[in-house]
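*Asks:* Take this structure, written in structure tokens, and hold onto it; I'll ask about it next.
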Amino acid sequence: MAPSKKAGKKGAVGGFLSGASKPQKVQKADWSEGFTKKKAAGVPDMTLLSTITNEAINDNLKVRFQNQEIYTYIAHVLISVNPFRDLGIYTNDVLNSYRGKNRLEMSPHVFAIAESAYYRMTTEKENQCVIISGESGAGKTEAAKRIMQYIAAVSGGAEGGGIEGIKEMVLATNPLLESFGCAKTLRNDNSSRHGKYLEIMFNGMGQPVGAQITNYLLEKNRVVGQIDDERDFHIFYQFTKGASAKMKEAFGLQGPEAYAYISRSGCLDVKSINDVSDFQETLRAMQVIGLTSDEQDSIFRILATILWLGNIDFVEGDDGNAAISDSGVADFAAYLLEVDSAQLQKVLLMRIMETQRGGRRGSVYEVPQNVAQASSGRDALAKALYNNLFEWIVSRVNISMKPQTPSQYVIGVLDIYGFEIFQDNSFEQLSINYVNEKLQQIFIELTLKAEQEEYVREQIKWTPIKFFDNSVVCSLIEDRRPAGIFATLNDATATAHADPSAADNSFIQRSSMLASNPNFEARGNKFLIKHYAGDVLYTVAGMTDKNKDTLIKDILDLIEGSKDPFLHTLFPDKVDHTSKKRPPTAGDKIKLSANLLVENLMNCQPHYIRTIKPNQHRSPTEYDDKAILHQIKYLGLQENIRVRRAGFAYRAEFSKMIQRFYLLSPATSYAGDYIWTGDDRSGCERILTDAKIKKEEWQMGVTKAFIKNPETLFYLEGERDRYWHTMASRIQRAWRAYVRRKHEAATKIQRFWRNQREALVYERKRDYGHQVLAGKKERRRFSLLGMRKFMGDYLDIAGGSAQGEMLRNAATISPAEQVHFSSRAELLVSKLGRSSKLSPRFLIITDKAVYFVVSQARDGRVSTSLERKIPLVTIKAISMTNLRDDFVALNVNACEEGDPIFTCVFKTEMITVILTLTGGNMSVNIGPTIDYAKKKDKRAVIKTQKNEAVRGDATYKSHTIQVGSGEPPNSLSNPMPPRKPKVKKAAKTASSSRPVNSGRPAAVALPGATKPAAPPALSSMPSHTPVVTKPTAIPTAAIGAARAPPSIPGRAAAPPPPPPPPPPAGPPKEFYKALYNFTGQEGEMNLVKGEEVEVKEKDDNGWWMVVKNGQEGWAPSNYLKKVEQAPPPPPPPPPPSRPVAARPPAASSAPTAPAVTNGSAVPSWKAKNAASATPSADSTPPTSRPASSASKVPPAIKAKPSIPAKPAIPAKPQVGAKPAPAIGGKPPVPTAPKVQPKAASKLGQVAQPAKAPGQLDLAAAFAKRAARAQQEED
């Protein structure tokens, strides 16, 4: 077991430099760790599983996977389940949290493995390696990148210089080698098709000084062909999609669909891969590593050569020999290779045969090749070019990362593609699985055997457990005597080298000698090997040809004759025509590199990461139990746990055991402090004894304490948690009282702050309004009310209400514009032959412009449209008078329409909004006159006149504004009034006959007013107002029976009280029926078509005061029709004590604009009562409506308005066919017929057409909202 880091240690490097650390004092336990540490799902270390079965392992991994915990330990082995998504667990904060921490202190993570490897290197002065294994798509490459990320972050202490350069180059190898060595397969979008062993070299200070990469098993056959729905190496798609115009011109590049090698499989794009951006990342990695521009051009020239070689197509001639269908393609390929085109065609079509007699050189013949042979030679050349190019890139990277100073230690990271089982398994799968068998052998020897050796070393009594040793499978593949599979392949290749089919048959015959091996089965033209991961059936066809791995001498002569020096660098070996030595086969190379890898790994201290793929669909939520059980079996996880649990499930050094559990013994702890004075071993024994653990459940080793069953450890952890709860209960009694008092005080403070915070924003805006006016303008009394708030969007444009949506669409306001202010206004409109007149408008201000929207009746239909749009940048100044009127002029740049003059009751708020949006870069002119542009070249002046006879809003006539006196210009707003105290509700009595009204309170007349004021409209969510129906006459006897209390035995029932006298007859009431739906604003009454309301007052300006459900409000008179009342019936019997309320009808649920609870928020045309009922402006009720505002009546005529027809919905535009991609100009080279990818076009999503602006059907909109409200109520 690795030595644990000491608590309080600041860094691994410091500990390494200081030599052996002294025994450290046990730190005081921290009670808060149980509250701050996240509770893990399942068990984080599977050695603590109660049941050791594959199913139990799978259940634990599944629970943790579903809880987004993908890492689990088996002792020091990390199990990683690929999450197929970003869990946010690789950030710098997470990385730093593992820095300098022991494995047991933190939850399982790949950073913990990296920290352990780096720490052991610096403290034990030994080389380390991290072996990552698992099947394709299980996350090995990602784990390797995270290991390098951690080591690069924690190693070294100096910034800049060579150390940082080495770190950058090490990290830059990831995108570079992924581009050239990874490809999309059926199981993985970024599958490593080669093995990579990265060795990071460190100096004595623990700082990286260099690195070296060793490449294994590049799958070069993928260059010339792939199965369906797979791709070639990423670099080909990056190159063809992301190359610059200069590259395309130099190399004759087209899209990936133009090349047979990379388009034949029908997969050109991958959703999870952006080839263009990845190509830019590859170029940056080349620059970081130090590749010159000439070297980069040479690399891309070889890639282009491979692509054009694949487009050389062979056809069968009349004589049965192969011929090139388009010599122009061969000419361009020869141009890229810098060889003679005729020589290239000859090498591809002819083969040189040489006869020998008795060791003497004989005759030389040129033998024509058929189509299959020519294609094989072309593919062999392409594969050799790519393989040697990849080897050159690796060697070039090693040159750049070569250490400049001596290195002392190494941390190796092995990332090699995992065990593979396909439907058709060939030589590539045999090689891959062989290497994985070797890695499994290392795991068995170094992990399972080391586990048993630890028990022996610690002198622990235990029973050994047998485990599967896969060395017999490795011998089956690699042994020479008796001949293994590789040796048999070599013999078959040597005896029938001229005919691949004959060589395959020879191998089948020779492999029959392997049938005696229990792990081998011959099955005709196939054979089966029983690997540790499962049985794999291999196909013999083509296996001997792949094992040859040599180019014919004709192709080597062709390359030797090239004028490209880079090509000579890729093929440094000269052709020896006299050599009779058999070149090494692919099997020989694989066996040699695998044994060298094993030798390197055996010289290091290993760390293991076993990766698991949860499903085959790369889904972040799917968990395939069957597939994972198979991986658990062949990874040997159960055997690993059994060996770890053979004697004892948990072990820890004495110091760590004491640090964790010393609280459980009164002899070792007092008040949380460690008080034991003896040695650590005796301290552990005392803790376990006082915890009442049986002696057979634990043993003491030489340096560690061992616990047999995981239940014992769980018990100790539970007792440790219970200790803190017991101690906490003693403190809680005294603490609760303090906390209660503190909480009550905090609640009071919070309540006060919340109340102030809500009004603070509006008070700041209001104060800014005072600054804008600067004491120059008389103020309206209602503008100075303390409850006056600058709400802004009074028409609810941004709130999504029906009216807001209608106005937004009519004004054509884009969704990107933010509405800051909206209100009703009256625009001064000049008409031919008549004086100017105020006309109602909707005023909207966004962050870009000011909008004036008008509603008009045209052909019996209400039409709302945009009248004028004024960009904020065109407003030069704002002009107002110095009296209390509401007139405002926007002085804009010269235009035909001139400057708009309008009135707005929220003028101060409107000006503050405009100044805020424009940054205050405009002047506000306040004076006795308003100077404005009536037209483009025509100026005009509006004068003011103070007239005390004008009681309501200002009047306008002949360029003169008449208005009464207002509050002094230097007036300030009143403070916010305190909230009313809550009224305690009286207890209900059984004899109460007063009906309960859950609606708004009844209106009460203000001082000086003759009529009660209408209550302000409720803001926030729309509510359904209950409707109270007239009580139905019920016989008195029935009433008494219904309300009689239950009888009490032995007591006579008291007679019921006499009914109250009937109320005196009042004046006759007039009821009217609503003809249309109407949604009103503040002080107005909502109407639903068909309902009846009582008319309380009729005004000449077209608005009537109506009563509905005990509430009053204004409604348009031409929306109502009188209901003829029947003759009054005879007086009914006494009414019951409680009226019966009928079910309320559906009310409109259209949300209204936020209401303001003071007079300044009420438009002038709503304040009728103040102008007609009292001579003082101070007594004007907030919801009254002046008689001088007849122009604000929405229906302009008294006649019954016709119901507009619903406008037709514009037809949905037809979805056109997807246009064919534009094909660039054909390069000046001919192209051979190519294999096009499979058609996989999908119709794109078509956005729904936007709503047509302009006229909207208000009646239909209100009816639709009323129906929706009815559905919600039902």
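Glycine residues also receive a Cβ, built from the backbone N, Cα and C atoms like all the rest.
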*Asks:* What range among 1-28, 561-588 does Swiss-Prot record as region 'Disordered'?
*Replies:* 1-28
*Asks:* Could you state the whole-number distance in Å separating the C-alpha atoms of Ser363 (phosphoserine) and Ser136 (ATP binding site)?
*Replies:* 51
*Asks:* For the ATP site given as Gly134, Glu135, Ser136, Gly137, Ala138, Gly139, Lys140, Thr141, which other residues of the same chain have their Cβ within 8 Å of the site's Cβ centre?
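*Replies:* Going along the sequence, the neighbours appear as Asn82, Asn188, Ser191, Tyr417, Gly418, Thr611, Lys613.
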*Asks:* For Gly139 (ATP binding site), list the number of other Cβ atoms lying within 10 Å of its Cβ atom.
*Replies:* 23
*Asks:* Is Thr141 (ATP binding site) helix, strand or coil when read with DSSP?
*Replies:* helix
*Asks:* According to DSSP, which of helix, strand or coil covers Ser363 (phosphoserine)?
*Replies:* strand
*Asks:* Based on DSSP, tally up the residues of the compositional bias 'Polar residues' (957-974) by helix, strand and coil.
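*Replies:* Helix, strand, coil within the compositional bias 'Polar residues' (957-974): 0 helix, 6 strand, 12 coil.
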*Asks:* Sequence gap of 6 or more, Cβ distance under 8 Å: name the residues on the same chain that satisfy this around Ser136 (ATP binding site), in order along the sequence.
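*Replies:* Counting only residues 6 or more apart in sequence, the Cβ neighbours of Ser136 (ATP binding site) under 8 Å are Thr185, Arg187, Asn188, Ser191, Ser192, Tyr417, Gly418, Glu420, Lys613.
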*Asks:* Mind giving me a neighbour count for Ser363 (phosphoserine)? Other Cβ atoms within 10 Å of its Cβ, every protein chain shown.
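*Replies:* Result for Ser363 (phosphoserine): 9 neighbouring Cβ atoms inside 10 Å.
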*Asks:* In the domain 'SH3' (1067-1125), how many residues does DSSP put in helix, strand and coil?
*Replies:* 3 helix, 30 strand, 26 coil
